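K.L.:
Before I ask anything, let me first share the structure, which is written out below as structure tokens.
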């Protein structure tokens with residue numbers, strides 16, 4: 001394991017006004033690894049994943065994806081915040097899937113997927129559309145290219161959102177509670193797609209409340225509470241044999257609210 | 001197999017029994033009385049319009065396609081289009097400035113909206129027309145240095161320029177608020193999704209935010225265009241040869257005031273009708289993804305026409 005990690009987060013702090021929502025976060029995710037962030041609401045999981053994509057600014061520390069700073073540039077020993085245009089370019093290696101899908105409602109499924117490849121990555125329309133059709137096939141929505149997002153179910157929307165994120169060929173894929181806004185019976189179709197991606201070696205960071213998924217798919221699990229990563233390790237270590245009382249309490253509460261496991 | 005058949009037959013017999021009950025819709029005699037009264041009133045009004053010689057319908061027909069009237073109509077339409085164009089561009093710029101985190105930009109935009117929305121349009125038109133009283137020459141050059149070019153204000157500010165300045169600047173202030181409400185109507189997640197895909201802020205605005213904002217912006221803008229069509233009649237006080245000014249010129253000579261005002265009204269109504277059809281087309285165009293109907297270009301174009309003619313309720 002001498003290769004540089006895909007994501008390297010070092011002593012990151014983030015404040016909203018007086019409130020410190022991330023305190024001294026260190027996290028490293030290797031290429032091909034799936035890292036799940038779990039923890040109670042308000043723990044800072046979503047904020048952390050949004051910082052990795054520079055949707056939120058950080059106050060101190062550094063976040064590097066694929067060896068490049070995201071949203072900042074190092075000049076003369078200082079970190080300078082990038083302008084919107086430069087920041088857009090610095091996000092090149094990352095894509096994100098949101099809790100509320102955030103598909104573009106005025107575009108068809110196909111247009112949603114090809115917009116960034118054509119206009120950001122400057123791919124030809126033909127190759128972008130061929131890639132989009134292949135991705136739709138992969139998420140099980142081959143017939144839906146011409147549909148508008150408003151015509152799809154929540155699970156289908158989220159699968160389109162995953163295809164759209166994959167279309168920019170990201171080295172890192174971020175998921176912010178991808179199944180939290182779905183009806184319970186639609187959760188599995190989205191998790192199934194994510195499971196496939198993990199199997200194919202896609203590096204992913206997933207904020208989730210699906211403990212079964214985390215245990216099955218995650219290489220590493222980070223338990224966050226009050227803006228800190230308080231327990232970190234393999235899925236088995238954190239989810240099955242947690243060291244800390246806090247982690248055990250949280251898991252007990254989450255598992256009780258779900259269908260009891262056999 | 002036979003069980004299923006028996007079940008079906010039993011159900012059919014039940015259906016037959018049910019059909020004997022007939023439902024009679026409720027009657028509303030009040031509606032008939034109201035409709036009759038309104039019809040009688042309308043018929044008597046129509047009769048008076050047709051028979052009152054004061055309307056002088058022959059004069060109306062004679063002047064309806066008169067050359068100066070049509071030229072005036074042309075100027076009115078051109079002025080409407082040009083002023084709306086200026087207004088929409090200014091409105092977008094002012095709306096973006098108001099949202100800016102730079103306080104000077106946002107305060108300047110707020111001040112512009114406050115001034116040009118608050119002052120009467122007639123006053124603004126007369127003000128621009130008389131700009132020479134304040135600034136006899138218009139100097140172009142660097143601030144506080146001798147001018148490079150110096151023009152006589154009276155030559156630059158023709159009635160057309162005064163009309164465009166007055167109507168365009170006034171409209172920009174209204175459009176700014178309409179555009180701003182449209183931009184605010186787009187969910188913040190849309191911007192984030194676009195950013196996360198690596199789109200630049202300008203690309204995000206042009207391809208993601210504005211098209212969705214237009215769904216909210218188009219209906220009130222349609223109102224503004226029709227309002228502008230009529231507001232252009234104010235420029236007749238600047239002796240600008242719009243539709244109203246051209247019929248005024250005719251009835252000033254012939255004293256056939258009423259029939260010529262009817263001529264102008266007919267053309268204003270025709271233009272307003274056509275513009276509202278364009279508005280319906282645009283509403284459908286930018287409502288894409290919010291309605292489940294199939295929408296190719298042709299049906300988009302025809303839908304407002306057919307809904308206007310047949311009232312088939314082609315809405316969402």
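Positions of Cβ are set from backbone N, Cα and C atoms, glycine also.
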K.L.:
With the ranges B:32-50, B:51-69 to choose from, which does TrEMBL describe as transmembrane segment?
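P.N.:
Going through B:32-50, B:51-69 one by one, TrEMBL flags B:32-50 as transmembrane segment.
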K.L.:
Name the residue range among B:231-251, B:294-314 that TrEMBL annotates as transmembrane segment.
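P.N.:
So the range that TrEMBL calls transmembrane segment is B:231-251.
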K.L.:
Near the transmembrane segment (B:257-278), which residues from the same chain, at least 6 beyond its ends, have a CB less than 8 A from one of its CBs?
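P.N.:
Distant contacts of the transmembrane segment (B:257-278): 54-57, 59-60, 63-64, 66, 69, 73, 76-77, 80, 222, 225-226, 229-230, 233, 243-244, 247-248, 250-251, 304-305, 308.
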K.L.:
Would you mind listing the long-range same-chain contacts of the transmembrane segment (B:104-129), meaning Cβ under 8 Å and 6+ residues beyond its ends?
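P.N.:
For the transmembrane segment (B:104-129), the list is 94-95, 97-98, 157, 159, 161-163, 165-167, 169-170, 172-174, 176-177, 231, 234-235, 237-238.
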